[in-house]
Amino acid sequence: MRLVLASNNAKKLKELGTLLAPAGVELVTQGSLGIAEAEEPHHTFIENALAKARHAAAASGLPAIADDSGLCVDALGGQPGVQSAHYATLDPADIDGLAREALRERQDAANNRRLLSALDGQANRRARFVCTLVAIRSADDPEPLVALGRWEGELLTGLRGSGGFGYDPLLSIPALDATVAQLDAETKNRHSHRALAAEQMVALMRSAWHLA
C-alpha cells in the first residue's frame with residue numbers, strides 16, 4: 001500500500017519507512033508530489049498530525065500518514081509540547097542567509113538554552129519524548145488510525161553526548177543509563193517514541209486495514 005508521508009524530511013522518511021515496512025506500506029514524501037506543508041495551528045499532537053495527514057491525502061488523492069512529535073516536561077505543564085521545534089525565538093538578523101542544517105543547529109541550541117533556563121532550580125526533571133502517528137485512507141476518513149509512543153526520561157542540567165539533534169543531549173533515559181544523544185542509531189530506533197508509535201501503527205494497519 002502506498003501512503004503519502006506528510007513531511008519533506010528525508011531522515012523521517014527513511015526511519016518511518018523502515019519501521020512501517022512490516023505492514024507492507026511504501027512511503028513517499030508530500031514534497032515529491034509537489035504538496036506544500038500544512039499549517040500546524042493546534043495545541044495537541046493528535047490534532048496537528050491529523051491536520052497534516054488530511055492535507056496530504058486531500059492534495060494527493062492517496063492514503064496518508066503524519067506524525068507530530070515533541071518534548072513534554074512535567075514541571076512546565078507539558079511544555080514545550082507542540083512548540084518543541086521552535087521553543088526559543090531566534091533573532092532574524094542572526095539567521096539571515098543560514099543554510100537549512102545550520103539554521104536547525106542554531107534553533108536546537110537556543111531551544112536547549114531556554115529549556116535549561118526554565119528549569120533552573122527545579123527538582124522535578126521528569127520529561128518524555130512523545131510521538132503521535134495518524135494514518136488515514138482518505139481526507140474524509142471517519143476512522144483515522146492513531147498511535148502514541150512515549151519515551152520517558154529525566155532532563156539533565158547540561159548537555160551530554162554528541163549524537164542526535166534537538167533535546168537529545170538533555171534527556172537521560174535511566175533504563176539505558178545514557179542520554180538520547182549518547183545512543184547509537186540502532187538502540188535509539190529500537191526504544192524511541194517514534195519506534196513505539198510505529199509498532200502500534202503496524203498492528204493497527206494489520207487489524208483495521210488488513211495489511212500484511
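Glycine too: its Cβ is placed from the backbone N, Cα and C atoms.
What Swiss-Prot records for the substrate site is S7, N8, N9, A10, K11, K12, F165, G166, Y167, D168, K188, H193, R194, and among S69, S117 the residue it adds there is S69. For the pair N9 (substrate binding site) and E39 (Mg(2+) binding site), the Cα-Cα distance reads 16 Å.
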